[in-house]
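According to Swiss-Prot:
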- 185: active site, thioimide intermediate (ACT_SITE)
- 192: active site, proton donor (ACT_SITE)
- 87, 88, 89, 224, 225: substrate binding site (BINDING)
- 89, 90, 253, 254: NADPH binding site (BINDING)
- 261-278: compositional bias 'Polar residues' (COMPBIAS)
- 255-278: region 'Disordered' (REGION)
């Protein structure tokens with residue numbers, strides 16, 4: 001069964017929204033990661049050829065204490081890339097809103113409930129953090145590397161074409177980034193805007209051709225997580241780096257932003273540095 005068919009049958013995307021009045025964990029819609037990975041010719045009977053996570057920031061998160069007083073926080077959810085499922089974004093939004101009128105002893109009780117529900121849906125332990133005070137909010141940052149967007153190019157390709165990628169014989173270690181990433185929701189067609197950062201060691205990637213490849217996603221319809229995995233696999237196969245990390249930070253929609261990270265390196269630390277567009 002295709003990803004689109006699963007979504008059309010089960011998702012609230014593109015449908016009239018009815019917001020829950022009470023705690024509703026059943027609203028969470030898990031989607032098998034294998035559905036997309038098969039289209040990338042990834043052997044789904046083995047562990048994926050990358051490590052990483054999907055980091056979600058939730059900006060519309062609230063609940064009641066035992067006296068009925070509302071509390072608000074920013075939520076940070078880290079789902080391992082090795083999990084069997086991802087969570088469909090609108091179902092996540094509705095699930096979070098189901099906490100609005102629920103009473104809890106404290107923030108820890110809320111986060112523990114969310115961790116339990118999410119971990120059950122994706123079949124792996126999900127990390128849940130709450131940011132409760134302004135002093136905990138990370139400042140915006142700029143990647144330490146070369147901005148591709150300053151390059152003057154001509155392009156008329158707006159669907160992913162890995163054949164655009166090319167390399168030279170020189171071996172380098174460098175970080176490249178762009179704010180020109182745009183893809184689209186596969187169900188509603190809504191645009192997804194983001195910034196992408198690529199760090200690698202290997203044959204030097206042609207910067208002009210890489211920017212063209214990034215822009216070629218402009219009319220492509222695929223989820224955030226799937227787009228980043230497509231980026232990763234295309235660069236890995238066509239450019240043959242010894243080391244590769246691809247991460248994207250998408251702008252928020254419905255009070256959520258999604259930030260997938262994929263790497264050949266099994267040792268990494270989760271960094272939630274917000275881009276200036278977030």
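Just so it is clear, glycine is given a Cβ too, placed from its N, Cα and C backbone atoms.
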Residue with minimal Cβ packing [other Cβ atoms within 10 Å] among the recorded positions 87, 88, 192, 224, 254:
254
Just checking: which of 88, 185, 224, 225 have a Cα that is within 10 Å of the Cα of residue 253 (NADPH binding site), counting only these recorded positions?
none
Measuring Cα to Cα, how many angstrom lie between residue 192 (active site, proton donor) and residue 89 (substrate binding site)?
12
Fewest other Cβ atoms within 10 Å: which of the binding-site residues 90, 253 wins that one? Let me know.
253
Quick check: in three-state DSSP terms, what is residue 253 (NADPH binding site)?
strand
In terms of DSSP three-state secondary structure, what is the assignment for residue 87 (substrate binding site)?
strand
In Å, how large is the greatest distance between any two Cα atoms among 87, 88, 89, 224, 225, the listed binders of substrate?
11
Might you list, by sequence position, any residue in that chain lying six or more from residue 225 (substrate binding site) with a Cβ less than 8 Å away from its Cβ?
33, 36, 54, 86, 258, 260
